[in-house]
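Contents: one structure, followed by commentary.
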Amino acid sequence: MKDYQLIVIGGGAAGMTVAAGAANLGAKVALVEKKKHLGGDCLHVGCIPSKALIAASKETSSMMQAARVLGTEFDGREHYQTTKARIDRAREIIQEHDGTERFTKLGVDVYIGEASFQSPYELKVGDDLLIGKKFVIATGSKPTVPPIDGLDTVSYLTNEDVFHEETLPESIIIIGAGTIGLELAQSFARLGSQVTVLEALDTFLPKEDESVQTLLRTQLEMAMRLKIGVDVKQVSEVNGKIRVDAEIDGETVHYEADKLLMATGRKPRIDALRLDRAHVHVKDGYVDVSSTYRTSQPHIFAIGDTINTLPFTHAAGEEGKAVVANALFGLWNKVDYKKMPWITFTDPEVFHVGLTEAEARKQYGEDVDIFEAKLSEVDRFVADRQETGFVKIITRKNGKIIGGHAVGMTAGDWMQIVVYAMQRGDKIGKLSRMIYPYPSRSEAVKKAADLYWRKRLFNSPLTELARKYFEWTR
């Protein structure tokens, strides 16, 4: 039996942030992780392997296109082992920085094993019983699969095992057109698979601006079959193939492929924790917390995918920073989700922060301005032959930025200045007055921001007075 000032359950991004922060402040900390290695799903079966796959697939696609131009052939599927090795190597490099040794050097006691509460202050991990003054639940999430007739009779993939596949399928059906589904779909298509994506909703990426959805769908449909409004009725195996029977607008349709990937969402990984013994409330499958991440037990906190906020690694990290102060010093820090950006790493990339145009008009009515610039108007994108995309900055009439959206090459990098402006409370005019290196992709932001001054200038009484003056002095 060991006593700790803080016990962190979960060794992913959120848990590691809390454990490292608390240890650096001098607290006696225990970090509990169920799996063999720290890093969580993001490192092992999520963000990192998927981004390595995206990069490899883009390069492979370029090689295949070049081969066609040269009158030869290059099959990305035949070289999938090289792609897989790249994914594995990326994980290994990052794992070295986020391993157990890093935390033991900080003075953190790391326990590998499944954790379960025995009481509000007692946690069992294997044969060890830990006593904690404060707890942080950061156990992440796992794939959730809807009840589909026949699904339990076939073999299917999720993000937890798709990166361990030794070969690339000739064809694959992906059920779910969210971020995970679309990123993997485009990657597989570029590597040479025939990809079919089926989405139950009448749209995909429903949190994105409508203009973003429209453009991205056009781009994705060039490489794959993308169907929305699909009611999947049954899944079966026929002659070694996966068969999906569905309805679209009342019409019966059938799809067949070598593999099936379920990308239908995620749910908190909290079943084994025995939260009932700790008297911690759960609501709609998530740990119920206040805005400062306190559960129904004031000494127990929860963050990351276990709570119903934004399901992103960087969001979990920010929550972790807040919880270090809240748990150790009794503060009431919280994260401002209205200014939390996210990226969908398709090609072109999709960037999002704040309100969409529809949300802004619903909330503010006529007190909304839209400033939009096409990437085809930005010299660097023309030089890169990457003109597909746009920037949209949404403001109130006084210039206050309330939303920013972009579709384009590396949009997640050059749109970050909009997040900074929102966090500072700067108006769009300040983005226009900044100096941007030429030629850079960030000039897309300047193009959109310049429209604010152009609109104000052309509608100004001084502009009309200047026109009359120059007419009089000709």
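Glycine residues also receive a Cβ, built from the backbone N, Cα and C atoms like all the rest.
On the 0 to 100 pLDDT scale, the model's mean across the domain 'FAD/NAD(P)-binding' (4-320) is 95. According to TrEMBL, the domain 'FAD/NAD(P)-binding' annotation covers 4-320.
The annotation disulfide bond is assigned in TrEMBL to CYS42-CYS47. Mapped onto three states, the DSSP output places CYS47 (disulfide bond) in helix.
Within 10 Å of the C-beta atom of LYS51 (FAD binding site) sit 15 other C-beta atoms, taking all shown protein chains into account. Feature annotation from TrEMBL assigns FAD binding site to LYS51, THR139, GLY140, SER141.
Proximity of LEU182 (NAD(+) binding site) to non-local residues of its own chain (separation of 6 or more, Cβ distance below 8 Å) is seen for VAL197, PHE204, LEU205, LEU220, THR344, THR346, given in sequence order. The feature NAD(+) binding site is assigned by TrEMBL to GLY176, ALA177, GLY178, THR179, ILE180, GLY181, LEU182, GLU183, GLU199, GLY265, ASP305.
Per TrEMBL, domain 'Pyridine nucleotide-disulphide oxidoreductase dimerisation' is recorded for 340-449.
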Where does SER141 (FAD binding site) sit by DSSP, helix, strand or coil?
strand
Between the Cα atoms of GLY178 (NAD(+) binding site) and CYS47 (disulfide bond), what distance do you get, rounded to the nearest Å?
14
Secondary structure at ILE180 (NAD(+) binding site) (DSSP, helix/strand/coil)?
helix
Row CYS47 (disulfide bond), column other C-beta within 10 angstroms, all chains, value 18
What's the number of neighbouring CB atoms sitting within 10 A of the CB on SER141 (FAD binding site)?
20
Out of GLY176, ILE180, GLU199, ASP305, which of these binding-site residues is nearest GLY140 (FAD binding site) by C-alpha distance?
ASP305
